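Per Swiss-Prot, the feature substrate binding site maps to 23, 24, 25, 26, 27, 72, 147, 202, 315. The annotation site 'Transition state stabilizer' is assigned in Swiss-Prot to 72 on the grounds of sequence analysis.
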């Protein structure tokens, strides 16, 4: 098996910088669209054989150094008692607004409530045995709460922030319950065979540093501390957190995910020995090849040869990116960083 990705997570020497892409199993790949055309998004998430097929596609097509389980961060929320649909974005029929709503949420039994996730992990470990490691993942408690309270995607998640400020007891009870669920969900993935875990906090960066520290940090910290992490690296990605890396670092984990709004070298100075993942602007993949190569080189140069770099985009690959551009980017990373 290619262990570059895991070695880099632990800060060990590698022959070339490992690379994978957030949303690498996705709509930009014709092979993915072929599978997706036959089922709904939720059916794809809930059918282990199909989830396995699309998870492996980018490993074979792009030559990336890790696979990430095909699923959705909201998958474990449905069995908590919230009706979920995708139209095409996530929509909850009845958002959480009151303490009674929070009390009605149940903690799922992972083996019986989301068996398809764990079955996909087990299938993937067999499928990827001679290829690359498998990353399991989940949403951070705050980002999950954003969707559960708002009921759908939003630019500002005003309903959640209103709860945070005006109903702190309800907010705390909700975050506490989500954190407990999240811990059990990610530990179930680890038990099923996930070799690394990524925690996505897509909306954590919309808060001020003081609010992040007060309303988010304690829950993410508790989540990470509660994971069965023996030899399992944890990647913590908070989009938009470049101005508060010192605070986010306190949550724990082994690798800090970075978006493109921060200079990777300066981030490394702040984070010390902690490994990092990132941080190319996803829209660079629409550029001519020479620009892609220039930008890959810039990120590598900012790292200045320090161990513990996993190359990635600063957020998910966009659906309209030509696959050959992603292939070229992966090749650039390997070629330009080869020892």
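Glycine is treated like the rest: Cβ placed from N, Cα and C.
Model, not experiment: these values are computed from the prediction.
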Per DSSP, three-state class assigned to residue 147 (substrate binding site): helix
Residues that sit under 8 angstroms from residue 23 (substrate binding site) by C-beta distance, when 6+ apart in the chain: 316, 317
Nearest recorded site to residue 72 (site 'Transition state stabilizer') by CA-CA distance, among binding-site residues 25, 27, 315: 25
Close in space, distant in sequence - residue 27 (substrate binding site), Cβ under 8 Å, 6 or more apart: 33, 36, 319
Proximal but sequence-remote residues of the same chain as residue 147 (substrate binding site) (Cβ under 8 Å, at least 6 apart): 74, 77, 90, 92, 153
Surrounding CB atoms that lie within 10 Å of the CB of residue 72 (site 'Transition state stabilizer'), all protein chains: 18
Lowest local Cβ density (other Cβ within 10 Å) among binding-site residues: 25, 315: 315
Diameter of the substrate binding set by C-alpha atoms, the set being 23, 24, 25, 26, 27, 72, 147, 202, 315, in angstrom: 23
